[in-house]
Amino acid sequence: MTIALDKFTKDENDLFDIMDDWLRRDRFVFVGWSGLLLFPCAYFAVGGWFTGTTFVTSWYTHGLASSYLEGCNFLTAAVSTPANSLAHSLLLLWGPEAQGDFTRWCQLGGLWTFVALHGAFGLIGFMLRQFELARSVQLRPYNAIAFSGPIAVFVSVFLIYPLGQSGWFFAPSFGVAAIFRFILFFQGFHNWTLNPFHMMGVAGVLGAALLCAIHGATVENTLFEDGDGANTFRAFNPTQAEETYSMVTANRFWSQIFGVAFSNKRWLHFFMLFVPVTGLWMSALGVVGLALNLRAYDFVSQEIRAAEDPEFETFYTKNILLNEGIRAWMAAQDQPHENLIFPEEVLPRGNAL
């Protein structure tokens, strides 16, 4: 029997190998296969946002001014969501709504879907970039796994929540003041602050901030080798290559402070990874629940007693009244197409909430 050697060896000029060699070449800014998704999507998302906040009005979708051209500033400009009547249309430039007319596409809110979808894929591309580089330098992929937290929050808030509602209209617009208004909307219509998933998200994010502050301060406090400057600040060198802090000293310090302390760096740093990522994932799950109009905690017994007894009031019942005021004010303003009319006696009156 004859054996053909090298029969299945790859052609040296194979197109995939040529592209792989160029994409993953060592350069100042790594490109990689993930870059084919990341860079175009990030460019279009950021470019679309700058274009919208600079030039595009929200008059036709929200009845608002939202661009620098109309007199907004950085905090009040936004790329606004499409009108509620457009439901969940992708609003493609060549679609039946805009029919290839760029000006009409902008007026209809096409830039919002453009920025949201390119932004989502850009974030996914950035996570894939971390996977790819970790693989290249033989690291574990925990950076990429951690970045799944922000991606989950973005996708749940900007895509899944409006998909569960009547249209993109109910997603946040891309702007600072617009996001603040969306937060108030979430509170008034979903009582978001009393949602256990929001509580877990707050605990995760603020807990992570506390852990970062404690960890950074502890490492700086336990440096045992510094430069030879005359005082502490001159001797401290932030670019020192060697690890010269004492885990043993840090453990002793926190054992005396709290009675317990991390005994090894692996568990400490895993905990610092686990707390914020879990918090972000929990808040994302909560927003998915809101997309389905799942309710937060309801203490109905307190509401009934407060309605029957004028002298009984709790912070919960006061917040429920506040939420009713938010709904009464925001619904008529945000959804004029619904022709909502509230009797004067149910509208909030100054401090009389």
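Placement of Cβ uses the backbone N, Cα and C atoms for every residue, glycine included.
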Transmembrane segment per Swiss-Prot, picked from 6-22, 125-141, 329-345, is residues 125-141
27-40, 153-166, 265-278 - the range that Swiss-Prot marks as transmembrane segment:
153-166
Select from 187-207, 208-228 the stretch of residues annotated by Swiss-Prot as transmembrane segment.
208-228
Look at each of the binding-site residues, Gln130, Asn143, and point out the one with the fewest other Cβ atoms around it within 10 Å.
Asn143
If you compare CA-to-CA distances from Asn143 (pheophytin a binding site) to each of the binding-site residues His198, His215, Phe262, His269, which comes out shortest?
His269
His118 (chlorophyll a ChlzD2 binding site): which of the binding-site residues His215, Phe262, His269 is the nearest Cα neighbour?
His269
Using a 10 Å radius around its CB, how many other CB atoms surround His215 (plastoquinone binding site)?
16
Please report, as numbers and ranges, the same-chain residues at least 6 past the borders of the transmembrane segment (279-295) whose CB is under 8 Å from any CB of it.
148-150, 152-153, 155-157, 160-165, 186, 190-192, 195-198, 200-205, 207-208
Using only C-alpha positions, which one of His198, His215, His269 is spatially nearest Gln130 (pheophytin a binding site)? These are the binding-site residues in the record.
His269
